[in-house]
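Enquirer: Below is the structure I would like to discuss, written out as structure tokens.
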């Protein structure tokens, strides 16, 4: 599988996208809200992508819940991660939420929801209620259950944003944040460390944040954070994704091809470049044509179709509980 994940523009593939998807460097497609009209359209799109690619290809989406849920109509409305902490039955509900999110996507032939968020909430604009808590010990508790639910459904898990995005107010979608704390390894990073030690993470996504007490590069392009800390010190054996290299937080890494190459050389197995077709093509031309076998470990196993899933008692009961939690959260925070 190739090392580049990119996006498509709409509900259907256009001629240029059909050609791009067949390029040997392309190993993944990530969906956004603009790619979704209804389940029938989405299913047709995933089928077309797999047929066109004629090779193993990861199909991913950000379907965390709350404000980061790309597919809404005809899917369960998922609560943000923070909702679990604020419910007295939140531990059990977190596992059910992880299962439901994953099961619905797998039934649509989507391999991955890039989840869960393992950052501390703090006041970070990019994170906020996407975090389970502001307390790392509580994040470990809730995230572990959410992950177990995802794995029960059959989906690989992606922890983000290593070693922790929550300590900066700036949004890395809009600018390059700097975090000067020296204690991040003893604070934010303990969440990632625990989950790695307990074999709960299949993939990792680093932050577009410069931790300047340690290195002058964003973690997503830093061999210090990816090779030394994540691989050597924490013994992480899974896949490393870059976050979207079109984000402003990656601007300090150079041109689009330079960003992709820098992220790959720093230790990313798959680099992501979205919402910029010209930039994606630059990355496509700049990256070496290599096969990355570890990416195959994230492909979904065969599952039933969505119509079969929603007939099961487990889906019906879980959907009712998670929908209720989501509604309660929205009413409380509207």
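Note that Cβ sites are derived from N, Cα and C of the backbone, with glycine treated the same way.
Annotation source Swiss-Prot lists substrate binding site at 62, 70, 130, 160, 161, citing sequence analysis. Taken from Swiss-Prot, the feature site 'Important for catalytic activity' applies to 171, supported by sequence analysis. Annotated active site, proton donor/acceptor per Swiss-Prot: 173, in sequence order. For 243, the entry in Swiss-Prot reads active site, nucleophile, with the evidence type sequence analysis.
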Enquirer: For the recorded positions listed here (62, 243), tell me which residue's CB has the most neighbouring CB atoms inside 10 Å.
Expert: 243
Enquirer: Could you check which of the binding-site residues 62, 70, 130 is the closest Cα neighbour of residue 243 (active site, nucleophile)?
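Expert: With Cα distances computed to residue 243 (active site, nucleophile), the winner among 62, 70, 130 is 62.
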Enquirer: Quick check on the binding-site residues: of 70, 130, 160, 161, whose CB has the lowest count of neighbouring CB atoms inside 10 Å?
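Expert: Per-residue Cβ counts within 10 Å for the binding-site residues 70, 130, 160, 161 bottom out at 70.
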Enquirer: Please state how far apart, in Å and to a whole number, the two most distant Cα atoms are among 62, 70, 130, 160, 161, the recorded substrate-binding residues.
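Expert: So the binding residues stretch over 19 Å, Cα to Cα.
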Enquirer: Under DSSP, is residue 62 (substrate binding site) part of a helix or a strand, or is it coil?
Expert: coil
